[in-house]
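Enquirer: Attaching a single structure in structure tokens format; questions to follow.
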Amino acid sequence: ASFDEAPPGNSKAGEKIFKTKCAQCHTVDKGAGHKQGPNLNGLFGRQSGTTAGYSYSAANKNKAVEWEEKTLYDYLLNPKKYIPGTKMVFPGLKKPQDRADLIAYLKEATA
């Protein structure tokens, strides 16, 4: 199912998901350094593999996807299927509500 059919996202629930599943490798804080994964500040509207100062896989750079709700919704279902060769070792979020919630949080937290 596509993002058009996704349930409304709850950013508070999304923040909990971020803290438990994403924060060990990513930060959303402006000006913060990269962790194991890139800083996600300014994520929306950015092309994959282009954050300054982070060493991306060739797969991530070559995918050249623009991050927005729709692309993140598909990516977060199964990152390794969406970008084969990605360095991200996250299995994905299978539940549409979890993906919608996380995206709602990221939209606020990375702006």
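Cβ atoms here come from the backbone N, Cα and C positions, even for glycine.
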Enquirer: Looking at N6,N6,N6-trimethyllysine as annotated by Swiss-Prot, pick the matching residue from LYS12, LYS35, LYS94.
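Expert: Among LYS12, LYS35, LYS94, the one Swiss-Prot marks as N6,N6,N6-trimethyllysine is LYS94.
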Enquirer: From LYS63, LYS80, LYS87, name the one Swiss-Prot lists as N6,N6,N6-trimethyllysine.
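Expert: Per Swiss-Prot, N6,N6,N6-trimethyllysine applies to LYS80.
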Enquirer: Around LYS94 (N6,N6,N6-trimethyllysine), how many other C-beta atoms are within 10 angstroms of its C-beta?
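Expert: Neighbour count, Cβ to Cβ under the 10 Å cut-off: 10.
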Enquirer: Among CYS22, CYS25, HIS26, MET88, which the record lists as binding heme c, how far apart in Å are the two most distant Cα atoms?
Expert: 11
Enquirer: To test your reading of the heme c site: which residues beyond CYS22, CYS25, HIS26, MET88, same chain only, put their Cβ within 8 Å of the Cβ centroid of those residues?
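Expert: Apart from the listed residues, the neighbours are LYS21, ALA23, GLN24, LYS35, GLN36, GLY37, LEU40, PHE90.
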Enquirer: Could you tell me which of these recorded positions, ALA1, CYS22, has the greatest number of Cβ atoms within 10 Å of its own Cβ?
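Expert: Compared across ALA1, CYS22, the most Cβ atoms within 10 Å surround CYS22.
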Enquirer: For CYS25 (heme c binding site), identify the closest of the modified residues ALA1, LYS80, LYS94, judging by Cα separation.
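Expert: Ranked by Cα distance from CYS25 (heme c binding site), first place goes to LYS80.
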